[in-house]
Structures are given as structure tokens and as C-alpha cells.
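Novice: What follows is a single structure, and I will ask about it in a moment.
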């Protein structure tokens, strides 16, 4: 396991992507390791009850889909809402594990809210650090999160676990250009801390941050943020 960074160190998204590249080229199972760590935290935060997983089109959604498959194999009732027009290839693993995947456009706001009310846990796997434009949610992703927010913020709402970074939070600056963001109870981040979890509004929205070591070598990179000690 890599010891090149700790949760106290926040590295720029570009540096993290550069550190991932050689591992991906060598066929390293980064996503598998990340998903196992995400599933482990989900089990700890909500040991029983249904799980609702929100996924986008990128690798963040892939991590969440593999974690959904792991939880379904535990015997959990897991459902996925696809918030983008495309879905990561890991959807096949989730489907093999018996996880139903529903396109967001097939659910109205009341149905989205009902799924959240029936869930013990919501996993936010919509956007990750690969987002290069504004992190603000758009389209169906924004609509789904807006429908969930009253349930999440209400009494007795489900636990929210964010995958790598809460969707809608800027990875490097922690800024939130649109308040339509699910505030996480726990953020499971991969490889190294993200500055956006330590700065600006993103710090409060991240909740407790758990680091999953995926073996990144960041020895040549300089941290750009440090968590408060």
C-alpha cells in the first residue's frame, strides 16, 4: 500500500489523474480497490436496509456501480438511478448481481423522493474529479438531487455517502456554484485527499472523510492543501 500521502494532504486533481495513469496502463484494478473501500464504509455506516445509488457516466459512477454489486451480493436491496444518458461499463457487474438500474427520466420527483425515504443509505456517485468544467449538476442529475434534498435534510433521512467528492463541489477549490448538492455524512475519497474537501463550502458538505489507499505514487507532486489539525 502506498504511503505517499495522507488524509491531511490535498493534491490537485491533475496530479491525482497523472498518478493514476501508469497504474491504469499496467492493468491495475484501481476501480475494484476503490469500490471495495466504498462498500466497506457503506456497510459500516448503514449495516442493514435498502441502498439507493446515484451514478453518472464516468469513473465515479463506475466505482459506485461496483460497490452496488458488492452490497447486493451481501443480500442488500440495492437500486441504482442512472442520471446521465450514458453509463459506465461496470453497470454489467451491478446487473449481474441483480441490481435494477433505472434511468432518471423514467422517475418523477415523487418517485425519486419515495426511493430515498425507503432507503437506509444513499450513495452519491454522480460526478468525480474527472469533471473539468463547472462542477454544478445539470439536467436529470440536478433534478434528481433536488428531489432528494428535502428527504435527506428531513428528520430520519438516509445516511449519505459520497464517492470521492460530493457531486457539485469543486475538486480543487471546494466551491459550490449551485447549492443543489447532497451534503454527505461521509465522503470516501481515493488515493489522496482532495483540496475541495478541505476548502470553502466543500469542507462542510463532505462530512467525515475516509481515505482509501489505491497505491498512488504522489511523491513527485506537491500538496496544495492540508486539513486542519
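In case you wondered, yes, glycine gets a Cβ from its N, Cα and C as well.
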Novice: Per Swiss-Prot, what member of 15, 108, 124, 213 joins 60, 167 in binding K(+) at one site?
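Specialist: Checking 15, 108, 124, 213 against Swiss-Prot: the K(+) site match is 124.
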Novice: Looking only at C-alpha atoms, tell me how far residue 61 ((6S)-NADPHX binding site) is from residue 124 (K(+) binding site), rounded to the nearest Å.
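Specialist: So the Cα of residue 124 (K(+) binding site) lies 9 Å away from that of residue 61 ((6S)-NADPHX binding site).
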Novice: Round to a whole number and give the Cα-to-Cα distance in Å for the pair residue 129 ((6S)-NADPHX binding site) and residue 167 (K(+) binding site).
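Specialist: That comes out at 9 Å between the alpha carbons.
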